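Quick look at what Swiss-Prot annotates:
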type	residues	note
BINDING	75-80, 109-113, 133-134, LYS146, LYS155, 173-176	NAD(+) binding site
BINDING	GLU188, HIS251, HIS268	Zn(2+) binding site
Amino acid sequence: MERITVNLAERSYPISIGAGLFEDPAYLSQVLSNKNTNQKVVVISNVTVAPLYADKILHQLKQLGCDASLLELPDGEQYKNLDVFNQVMNFLLEGSYARDVVIIALGGGVIGDLVGFASACYQRGVDFIQIPTTLLSQVDSSVGGKTAVNHPLGKNMIGAFYQPKAVIIDTNCLSTLPEREFAAGIAEVIKYGIIYDGAFFDWLEENLDRLYTLDEDALTYAIARCCQIKAEVVAQDEKESGIRALLNLGHTFGHAIEAELGYGNWLHGEAVSSGTVMAAKTSLLRGLISEEQFERIVALLRRAKLPVHTPDSMSFDDFIKHMMRDKKVLSGQLRLVLPTGIGSAEVIADTSQEVIQQAIDFGRNI
């Protein structure tokens, strides 16, 4: 078992990573130890994950003396919206839950983002715990306090920075994850190697097959390394005014794909993979990386069974209209996260639209 701390002064919290954590109530009891007898807890999940894991979590909570209930939501990125957010609010208000309620987000990135935002808003903020069940949420979205819902005009445009009290990662959950969802998570794993840790990228080139066979040691190492990097970055820049923006490699292009094609048609990690190729090609065109480095990035994403192409149905104008709504845009100027090597990246503001178009068009023939 691995344990990592996100250091944010009085808002610091632990990340526990290992196989079989759902079978051990100790991980929940550590978070709930200072709560009341008959502590009210709401577990919020979706219709896919709840039948697999909700009973285990509810059983552990009841063993700890908690008054626990379950809310099941629809499954899919297309449901990360204000309508479903209101369903959560209605459930909490109709149940007369007070400010001392603890909310548990049990699911992937959609559940974590939506439930985290609901926790930030309900009575101006209640405690919540992240229990991520997809690889993408385990290595990325459950850590760092970004919470949000989507708007038809842009992804994650309505949200807040709100940190959980703990993150509990049971790697056994990945045994029930469809391969397409697993691959989507690998896109974020590869991202960490590109932007921050060249040695980890090397390790991924050597050990990718072990991850796909769910080798326990390899999974625990990869998830822990991603969480360590995320924790280090968040501790330095919680609100994304500096280094944290590097975690958005591929996301400016990727969010445009998700918004234009409809949330859920491409998985988030798939869109990030395609966007990473476009960002890397932009770097190559600008002389920031070598041809060999570019080819290594594309080859690893391709080996991971991820899309490296540009969606055929999207024009340059389709990309730009969404990219100009990106949260990194300042004073009307588009800023892109661009790799400057294997293990480093920068936020760069002066890329011409001609270069961006070349990068987008490259992916049509890859």
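Cβ atoms are placed via backbone N, Cα and C, with glycine included.
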Taking Cα atoms as reference points, which of the binding-site residues GLU188, HIS251, HIS268 is nearest to GLY109 (NAD(+) binding site)?
HIS268
Within 10 Å of the Cβ of GLY112 (NAD(+) binding site), how many other Cβ atoms can be counted across all chains shown?
31
Measuring Cα to Cα, tell me the gap between GLU188 (Zn(2+) binding site) and THR176 (NAD(+) binding site) in whole angstrom.
19
Cβ neighbours of HIS251 (Zn(2+) binding site) where a neighbour is any other Cβ within 10 Å:
26
Listed binding-site residues (ASP75, GLU188), ranked by Cβ neighbours within 10 Å, top entry:
GLU188
Tell me the Cα distance separating HIS268 (Zn(2+) binding site) from THR134 (NAD(+) binding site), rounded to the nearest angstrom.
12
Cβ within 8 Å of the Zn(2+) site's Cβ centroid: which residues qualify beyond GLU188, HIS251, HIS268?
LEU136, ASP140, ALA187, LYS191, GLY250, GLY254, GLY269, ALA271, VAL272
Pairwise CA distance, CYS173 (NAD(+) binding site) versus HIS268 (Zn(2+) binding site), rounded so that it is a whole Å:
19
Look up CYS173 (NAD(+) binding site) in the DSSP assignment and report helix, strand or coil.
helix
Quick check on the binding-site residues GLN78, THR134, THR176: which one has the highest count of other Cβ atoms within 10 Å of its Cβ?
THR134
Which one is closest to HIS268 (Zn(2+) binding site) in space, judged by CA to CA distance, out of the binding-site residues ASP75, GLN78, GLY112, THR176?
GLN78
